[in-house]
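Feature annotation from TrEMBL assigns domain 'ABC transmembrane type-1' to B:97-311. What TrEMBL records for B:12-32, B:101-124, B:145-168, B:188-210, B:246-263, B:296-318 is transmembrane segment.
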Amino acid sequence: MTANLLSVRDLKVSYRVGNGHIDAVDGASFDVPRGSIVGLVGESGCGKTTVARALTRVIADNARITGGQILFDGKDIAAIPERQMNALRWRDIAFIPQSAMNSLDPVYTVEYQLNEVLRRRGGLSAREARMRCESLFEMVGIEKGRLRDYPHQFSGGMRQRVAIALALALNPKLVIADEPVTALDVIVQRQILDQLRELQTMLGISVILVTHDISVVAYICDRTVVMYAGRVAEAGPMAGVLTRPAHPYTMGLRNAFPDLAGAASGTLTPIDGAPPNLAEPPPGCRFAPRCPFSIEVCSTESPPLAEIVPDHRVACHRASEAPVLREIAARTETWLAHA
Amino acid sequence: MSHLKAVASRTLQLALVLWAVVTILFLMFRLMPGNPMAAYIDPTFTVEQQQALMAQFGLDKPLWEQYFIYLGNLLQGELGQSFRYREPVAERIFALLPNTLILTFSSLFVAYAFGILAGAYLAWRRGSAVENAAIPLVLMTRAMPEFWLGMVLLAVFSFWLGWFPAGGTRPAGADYDSLWALYTSRDFLSYLALPALTLAIYSQGLPLLLMRSNMLDVMKEDFVTMARIKGLSNWTVVVRHAARNALLPVMTSFAIAVGYQLQGNVVVESIFSWPGLGRELVNAVSASDYPLAQGAFLMIAVVVILMNLIADMLYALLDPRISHA
Ligand SMILES: Nc1ncnc2c1ncn2[C@@H]1O[C@H](COP(=O)(O)OP(=O)(O)O)[C@@H](O)[C@H]1O
Ligand code: SF4
Ligand SMILES: [Mg+2]
């Protein structure tokens, strides 16, 4: 048994658009240890959803996995035939989408939709499925009387709990949650995240939590993978990455989000500009156009993802100067001056 | 409670629409220039005879009084006397209505069953050679004039192959114990086949294209993607989720199609000498038989309005977002 439930190696996913293509994920590598929550964080458009969906191999019509390996339980699931992949779906790898409203079929009750996976995918009998539905609802804290309700009859937070129940239905090893709390207000966000953490610990499963909000990562994740423009900028244990970030992008993100626990941590400073157009990514480091610390080499050579301290990887030419850069980055003017 | 209120307001709305239709029909035939009975008044009639005739049909009274008499009669199911047949309009219309309804619903049933299945299939096989060949074909059936299609079917299946009779509803001289016996006889079905097929071919394009485009939209919905991530079979994804959702608007379009079809019937009923309301309406108008024309119009309007109500109820039944609001 490998220590990592999932190891993504040099993953490449590209979208065909018109005559060209967008390399939305361009060589991403990261690990998901067993029994941990890994936060995949980055601004909108950085390729997080593309990575998440590539792991299920249910991708857009115009998308293609063009390279790399997805080692799940030691087996490269990027290379297995579709039939074998389909057998893994939901039984081993489940998914919690951003909007449970749109991801639940409006014309069926939630019980129908739970039964659908329990019976069609899990092979449970009608009786077993009914009991499982009730225990799943108990797990996520919804009274079982509501099983007969339709998706639109639930509040946003409740629907997200239904989505969690649905994801846990077949005891998967890995749950991928794509922005599971983004649409909710902060109080409900915390409740849902607490519940997710509790269930993850209880069941000993692994979770990939995709979010644009670094405070969500700080709140429940064990590890962090920071993505920028289709590549991994920094990855490692949550505490190491967030308290001692070594990539200027991570430093910037940390300044840009309020603390989920409610503590006011000074003024918020957004990173000026936006991620690059991936149809024509800038040469060298993709963060260079927005980076307050960029030097000459940054715009010609792409920095490799290298381990700076054990288990903490960074892709930045100036990673060795991280302690100094962190101090400069903590000052608001750094980000304003650059703009 | 809110349910009851919705039904009540809907009923009130329908009553208002019906009242408006009734009033427009009344005015349409009264306000036309000239004596409404001109075609039925022999020029050799004396003035007294003419007035007696007008009085017989109530046309000597002031307009507002005629209107209230007309409304009162309608409430009692009284549609007046046909100028031409000199018999109650209601009797005539109720004798023809079943023929029209049978033709309309049987052809629409075929058209919708085919259109829904074919539309879903084409959406599923999007971009395939089958789809590329089928879409222009469907557009062609939409563009073909009904009378032309009817004539072609008539020429091929009736005159040339001799599989089906050319017109009417029953063999000459055939007699049936009851209307039920007629409508369930094999003869009737063989008479129904060609006109119904003509209408079905003419109308299948709407549900087909609608179903296809709804399917294509629904296939992009998150819940369809999720169904795939759940590892459900293609059949489950396409039929139970995509098609089931895409079906909703198609069902509503059925009501609109009935209205359309009742117009379309005029042509097909004429080609196949099908004794229905449409043909009678045309005849009544060209013979200036206003009470009959008015009655036929009204009947068609009532059917359309009822179908709208049925479509609403059906939609509510099929869409839990409405039935479980
Ligand atoms: N179906 C698609 N076709 C073309 N480009 C796409 C498609 N889906 C996403 N992209 C592009 O890929 C990039 C990454 O998108 P996404 O993975 O959704 O990012 P994130 O989840 O981090 O916001 C973006 O530039 C986006 O515009
Ligand atoms: S490589 Fe250069 S541009 Fe990129 S993050 Fe590091 S310092 Fe900034
Ligand atoms: Mg996303």
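Backbone N, Cα and C define each Cβ position, glycine as well.
Within the same chain, residues 102-104, 106-108, 110-112, 114-116, 118-119, 122, 138-139, 141-142, 144, 146, 149-150, 153-154, 157-158, 164-165, 167-170, 182, 249-250, 253-254, 257, 260-261, 264-265, 268-269, 271-272, 274 sit at least 6 positions outside the transmembrane segment (B:188-210) and bring their C-beta atoms closer than 8 Å to a C-beta of that stretch. Contacts between the transmembrane segment (B:12-32) and the transmembrane segment (B:296-318): present, as 3 or more C-beta pairs lie under 8 angstroms, all at sequence separation of six or more. In summary, the transmembrane segment (B:246-263) does not lie against the transmembrane segment (B:145-168): fewer than three C-beta pairs, each 6 or more positions apart in sequence, are under 8 Å. Remote same-chain partners of the transmembrane segment (B:145-168), defined as residues 6 or more beyond its termini with a Cβ less than 8 Å from a stretch Cβ, comprise 190-191, 193-195, 197-199, 201-202, 264, 267-268, 271-275.
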